[in-house]
Amino acid sequence: MTIDTNPESSTPSAPAYNPSEKQKGSAKTIRIPIKVVPMERLPKPDWIRVKAGSPSTRFYEIKDILRANNLVTVCEEASCPNIGECFGKGTATFMIMGDKCTRRCPFCDVGHGRPDPLDVNEPENLAKTIAALRLNYVVITSVDRDDLRDGGAGHFAECIRRVRELSPNTRIEILVPDFRGRMDRALEILNLAPPDVMNHNLETAPRLYKEARPGSDYAYSLNLLKRFKALHPNTPTKSGIMVGLGETDEEVLQVMRDMRAHDVDMLTIGQYLMPSGDHLPVRRYVHPDTFKMYEEEAYKMGFAHAAVGAMVRSSYHADQQAHGVTAGASQLPHD
């Protein structure tokens, strides 16, 4: 990975910093300790291209409902390439606790800044929206909230409770941050309102954490997944990584082994795509045959489900990923 650690190198000067404003692109990545050096972009192979269709009526209906209830989706904030398909099918991944993250991960397109106070009406608005959309399966995720004493776990729990009250048959997957320095408290809180699927992404190989996930720790994230599983052995745990950031195939396989060693049941692997020229460069486009190899190895390792492919994202077809896993969670194999 081409990274600049020389403070004397010729990088653009940082604009005036206003922590209350949401920073995206260069305004966000210019302040990380290890600078991203622009590289010539690799041409996209045919298999990586998304088939763009005309937005459906359902697409606009969901957007209107989200805006009316002051809700945010990670689909929009992270510039997910699958947004048209998912919205068109009536599914969305809800992002709670605002749209400003306290971290500056240079692979991610979610904005950075000083988060706003929690919206006390958000759990109710979220639950009403899910009920109005008649969703059978929902994914709730969030920005990192290092400013909160519980890392936002209490807000997650309240959202789960309200959704269950209004939509008792809806299955709930949560995609959580690492609750850095607050794991004990967060697990204590989530223990009172556990989800149907617990998801926390490792994102990449540990060798690349300093560049790709500043402020995060690989072993800490694995421990979060293992400790949750110990508290809820019948609740599936899930994690995902991106490929194309500079990892090797062996590193991908080792991350998968580490997941299984920490009792992770479900896996997602997808191709990293640059949100903009200010983000980490794509170092390789992984061939479909290699994705197939990852998938085959995943099932050999004992994963209950593996969603693996170029356009796979953590929440993409999450309902299909979880189908049959949640129902048979108590019979899942564990190493």
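Using N, Cα and C of the backbone, Cβ positions are placed for all residues, glycine too.
Under the heading [4Fe-4S] cluster 1 binding site, Swiss-Prot lists C75, C80, C86, S315, citing sequence analysis as support. Mapped onto three states, the DSSP output places C86 ([4Fe-4S] cluster 1 binding site) in helix.
Other Cβ atoms within 10 Å of the Cβ of C105 ([4Fe-4S] cluster 2 binding site) number 23 in total over all chains. According to its DSSP assignment, C105 ([4Fe-4S] cluster 2 binding site) is coil. Residues or ranges marked as [4Fe-4S] cluster 2 binding site by Swiss-Prot on the basis of sequence analysis: C101, C105, C108.
Taken from Swiss-Prot, the feature compositional bias 'Polar residues' applies to 1-13.
Per Swiss-Prot, domain 'Radical SAM core' is recorded for 86-304.
Annotation comment: Swiss-Prot describes 1-29 as region 'Disordered'.
Separation of the C-alpha atoms of S315 ([4Fe-4S] cluster 1 binding site) and C108 ([4Fe-4S] cluster 2 binding site): 15 Å, rounded to the nearest whole number. Rounded to a whole value, the Cα-Cα separation of C105 ([4Fe-4S] cluster 2 binding site) and C86 ([4Fe-4S] cluster 1 binding site) is 25 Å. Mean pLDDT of the predicted structure over the domain 'Radical SAM core' (86-304): 93. The two recorded residues C101 ([4Fe-4S] cluster 2 binding site) and C86 ([4Fe-4S] cluster 1 binding site) have their Cα atoms spaced 24 Å from each other.
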